[in-house]
Amino acid sequence: MVQKPLIKQGYSLAEEIANSVSHGIGLVFGIVGLVLLLVQAVDLNASATAITSYSLYGGSMILLFLASTLYHAIPHQRAKMWLKKFDHCAIYLLIAGTYTPFLLVGLDSPLARGLMIVIWSLALLGILFKLTIAHRFKILSLVTYLAMGWLSLVVIYEMAVKLAAGSVTLLAVGGVVYSLGVIFYVCKRIPYNHAIWHGFVLGGSVCHFLAIYLYIGQA
């Protein structure tokens, strides 16, 4: 049986092109960002923990943008079904991956390491949830993404004391940008709402990358 192509799944063809191109740009950004972080780490003789943290962060960013680009670019229904799961699982990995340099390199305290365990545990549970029963509780996924992101408030005092003001500012701005983007994610009636959401994701990712590259990586 020939698989029917799926050009539209709630989005027009033009919207899907915008969706895939927007995160295709993010994919290039993620690759360049990871290279810059690793080159800087080697130049500064960074610890193995720091290099591992940057690798996890950069790898998770690349994975997220790759998954999203493929999901929106490939038009076949069966592939789309699995790529959608891949895309949503990658969000959990990006959240945990972004935390990693801040907690293990920037703070490196018992509280930060404890939060690190919690965040990665939640990410793995989230992936399991996505692969099994997430279709029954769609709104819960969005709530868990936001909740995981703002768990950083647990270490807000340590960040204010130990991290550069620029780093904390960029981290906070990135979180706000991600959160504001959710408005467009849920407003399906807005033309190109998903591409706009992707723009906010890119903006948040750039803020967090700059916080890590300009401050955490040079501390």
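Glycine is no exception: its Cβ is also placed from the backbone N, Cα and C atoms.
Under the heading topological domain 'Cytoplasmic', Swiss-Prot lists 1-23 (among others), citing sequence analysis as support.
Outside the transmembrane segment (24-44) by six or more residues, the chain places 50-51, 54-55, 57-59, 61-62, 64-66, 68-69, 73, 198, 201-202, 205-206, 209, 212-213, 217-218 with a CB less than 8 A from a CB of the stretch. Annotation comment: Swiss-Prot describes 24-44 (among others) as transmembrane segment.
Summarising the annotation, Swiss-Prot assigns topological domain 'Periplasmic' to 45-53 (among others). For the topological domain 'Periplasmic' (45-53), the model's pLDDT averages out at 97.
The transmembrane segment annotation in Swiss-Prot covers 54-74 (among others) and rests on sequence analysis.
The topological domain 'Cytoplasmic' annotation in Swiss-Prot covers 75-90 (among others).
What Swiss-Prot lists as transmembrane segment is 91-111 (among others), and the listing cites sequence analysis.
The annotation transmembrane segment is assigned in Swiss-Prot to 114-134 (among others).
Positions annotated as topological domain 'Cytoplasmic' by Swiss-Prot: 135-138 (among others).
The transmembrane segment annotation in Swiss-Prot covers 139-159 (among others). Sequence-distant contacts of the transmembrane segment (139-159), counting only residues of its own chain at least 6 positions beyond either end whose CB sits under 8 Å from a CB of the stretch, comprise 88, 91-92, 95-96, 99, 102-103, 106-107, 109, 111-112, 115, 118-119, 122-123, 126, 129-130, 167-168, 171, 175, 178-179, 182, 185-186.
For 160-165 (among others), the entry in Swiss-Prot reads topological domain 'Periplasmic'. Non-local neighbours of the topological domain 'Periplasmic' (160-165) in the same chain are 102, 106-107, 109, 215-216, 219; each lies 6+ residues outside the stretch with a CB under 8 Å from one of its CB atoms.
Long-range Cβ contacts of the transmembrane segment (166-186) within its own chain (Cβ-Cβ under 8 Å, at least 6 residues beyond either end) map to 102, 106, 142, 146, 149-150, 152, 159-160, 193-194, 196-197, 199-201, 203-208, 210-212, 214-216. Annotation source Swiss-Prot lists transmembrane segment at 166-186 (among others), citing sequence analysis.
Within its own chain, the topological domain 'Cytoplasmic' (187-195) is flanked in space by residues 10-11, 15, 18-19, 22, 72, which lie at least six positions past its ends and keep a Cβ under 8 Å from the stretch. Residues or ranges marked as topological domain 'Cytoplasmic' by Swiss-Prot on the basis of sequence analysis: 187-195 (among others).
Residues 19, 22-23, 25-26, 29-30, 33, 36-37, 40, 54, 57, 61, 68, 98, 101-102, 105-106, 163-164, 166-168, 170-171, 173-175, 177-178, 180-182, 184-185, 190 of the same chain lie 6+ residues outside the transmembrane segment (196-216) yet bring a C-beta within less than 8 angstroms of a C-beta in it. Feature annotation from Swiss-Prot assigns transmembrane segment to 196-216 (among others).
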Exercise for the section: Report, as numbers and ranges, every residue of the chain located at least six residues beyond the transmembrane segment (114-134) whose Cβ falls under 8 Å of a Cβ in that stretch; write 'none' if there are none. Expected result: 85, 88-89, 92-93, 95-96, 99-100, 103-104, 140-141, 144, 148, 151, 154-155
Problem - Folded-back contacts onto the topological domain 'Cytoplasmic' (135-138), same chain, C-beta under 8 angstroms, at least six residues removed - result: none
